[in-house]
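Undergrad: My questions all concern the structure below.
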Amino acid sequence: MNITIVGTGYVGLVTGTTLAELGNTVYCVDIDAKKVARMKQGSVPIYEPGLEEMFLRNIQAQRLFFTTDIKEALDKSEVIYLALPTPPGEDGSADLSYVISVANQIGEMMTDYKVIVNKSTVPVGTADKVRETIAAKTKIPFDVVSNPEFLREGFAVEDSMNPARVIVGSESEKAQEVMAKIYQPFTNTGIPIIFMDEKSSELTKYAANSFLAVKITFMNEIANYCEKVGADVDKVRLGMGSDDRIGHRFLFPGIGYGGSCFPKDVKALIKSGKQEGFDFQILEATEEVNQNQKIILVSEIEKYFKGNIEGKKIALWGLAFKANTDDIREASSLDNIKILLEKGAEITAYDSIAEDNVRQVLGDQISYAKDMYSALEGADCLLIATEWSEFKNPNFELMAQKMKNKAIFDGRNMFALEQVEDKGFFYKSIGRKTLR
Ligand code: UDX
């Protein structure tokens, strides 16, 4: 099948490459001419394990093309995926201007039947808006389908080639047939495709992400309570997760969730609810708890230094919002840095993957270390903000030699307590006993 993808951001690029890998001919459209030129030459604009290989393989096989010319791509394709940004507006609601503007162009340019597939995370009712926008411009028949994307950063290729399920929101039989054909390689291997109406499909994406945000946040509250009563959240987590109605995943407490999806989607769902006069009380609480959780270790650091951290040298391990990505959007590290700097601390950070992105935002407000141990040189304490694997089993002796004062504030529970015990460190993690 011939498919156009409008928007070659994270979701668009991964979707386009995946659809080409499934045997389709894919035209990726972007307004950024420089980016299109680079992609044509085989340069992948984002880092995702396994993506470059798949991208190059499909360019070589002449199944994956890049262009700035939407009309040319439209003329060649029966199916048009929209993978456009839907950034939060000032009030938290999703800004649909990119989606609507492309819908207008499609309406003006299309010359035969098209299936327009929405991949971006969009509020309930967007499929209707896209339909109305296109219908105002043309009499030619078309269908609009909601097909939300559930991939995780760092696992984009794995998740898009092997999704837990495919959701297709459309009540048009013709569109359902087209979508079933595109995803047949998945259904052949037992991956379920679930058909539903557009609105339910649009809401499924928000509901899934918000549920996971609530799950993490619930666990963070349990962890904070564990500290009050002397329980160990690692034990509680194992005990709870063994019930398969709960499951072990997404029960890891820490300094809050971040990234480009959970914070945005929780806010957008709250906002959509309000527009209908509906209060998502559980999501409002989740947002508030998460905001406090992100900086929960700042007050612990202050307490440790008897209320004054001015001039203290703080080593920071990890800047990305989670491991295996260079993404720093809504990263807890940034909230911590902001407050620690305001309180007069000096920060030396180490994160070889996300450092460049942080430099662009913070410049030389903080220092950057070339490796995890040199970040500790002369430090009064260490704060861990991202769960990179390389931090899991450090050389504690070397750490002790480098640090001026042996204190660790671990926002991602990187170490088992037994690992740190008897090493002479003050060790504060989340939801567990503090070692002194
Ligand atoms: C998420 C969804 O998982 C994905 O399905 C959706 O399409 C996009 O949003 P992503 O943003 O890549 O994906 O990150 P994810 O791995 O889900 O982690 C989100 C945040 O939760 C991170 O900040 C992570 O550190 C935090 N987290 C996750 C926890 O604090 N504890 C956990 O147990 C799991």
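Cβ coordinates are placed from backbone N, Cα and C, and glycine is handled just like the others.
Pulled these from TrEMBL:
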BINDING   D30, K35, T86, T121, E153, K264, R329  NAD(+) binding site
BINDING   F150, L151, R152, E153, K205, F250, L251, F252, P253, G254, G258, K322  substrate binding site
ACT_SITE  C261  active site, nucleophile
DOMAIN    315-417  domain 'UDP-glucose/GDP-mannose dehydrogenase C-terminal'
Undergrad: Let me check the 10 A CB neighbour count of C261 (active site, nucleophile). How many other CB atoms are there?
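TA: A count of 22.
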Undergrad: Can you go through the binding-site residues D30, K35, K205, P253, R329 and pick out those with a C-beta less than 6 angstroms from ligand 1?
TA: none
Undergrad: Please give me the CB contact count at 10 A for K205 (substrate binding site), counting all chains in the structure.
TA: 24
Undergrad: Provide, as an integer number of angstrom, the distance between the C-alpha atoms of K264 (NAD(+) binding site) and L251 (substrate binding site).
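TA: Counting only the Cα atoms, the answer is 20 Å.
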Undergrad: Which residues of the same chain, at least 6 positions away in sequence, have a Cβ lying under 8 Å from the Cβ of P253 (substrate binding site)?
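TA: Within the chain, P253 (substrate binding site) has Cβ neighbours under 8 Å at I216, M219, N220, I222, A223, V233, R237, N413, I430, G431.
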Undergrad: When DSSP states are grouped into helix, strand and coil, how many residues of the domain 'UDP-glucose/GDP-mannose dehydrogenase C-terminal' (315-417) land in each?
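TA: Helix, strand and coil residues of the domain 'UDP-glucose/GDP-mannose dehydrogenase C-terminal' (315-417) number 36 helix, 18 strand, 49 coil.
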Undergrad: Compare the Cα of T121 (NAD(+) binding site) against each of the recorded positions F150, K205, L251, C261 and report the nearest.
TA: K205
Undergrad: Among all the protein chains here, how many other CB atoms are within 10 A of the CB of R329 (NAD(+) binding site)?
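TA: Around the Cβ of R329 (NAD(+) binding site), 16 other Cβ atoms lie within 10 Å.
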Undergrad: Give me the long-range Cβ neighbours of E153 (NAD(+) binding site): same chain, 6+ apart, Cβ under 8 Å, in sequence order.
TA: Y10, E48, G259, S260, K322, N324, T325, D327
Undergrad: Taking the Cα atoms as reference points, how far is T86 (NAD(+) binding site) from the residue listed as 'active site, nucleophile' in Å?
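TA: Between the alpha carbons of T86 (NAD(+) binding site) and the residue listed as 'active site, nucleophile' there are 11 Å.
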Undergrad: How does the model score the domain 'UDP-glucose/GDP-mannose dehydrogenase C-terminal' (315-417) in terms of mean pLDDT?
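TA: Computed over the domain 'UDP-glucose/GDP-mannose dehydrogenase C-terminal' (315-417), the mean pLDDT is 97 on the 0 to 100 scale.
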Undergrad: Closest to R329 (NAD(+) binding site): which of the recorded positions F150, R152, L251, G258, C261, going by Cα position?
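TA: For R329 (NAD(+) binding site), the spatially nearest of the recorded positions is G258.
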Undergrad: When the Cα-Cα distance from K205 (substrate binding site) is computed for each of the recorded positions D30, K35, C261, which gives the smallest value?
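TA: Sorting the recorded positions by distance from K205 (substrate binding site), the top entry is C261.
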Undergrad: L251 (substrate binding site) to the residue listed as 'active site, nucleophile': how many Å between their Cα atoms?
TA: 18
Undergrad: Cα of F150 (substrate binding site) to Cα of K35 (NAD(+) binding site): how many Å, rounded?
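TA: K35 (NAD(+) binding site) has its Cα 25 Å from the Cα of F150 (substrate binding site).
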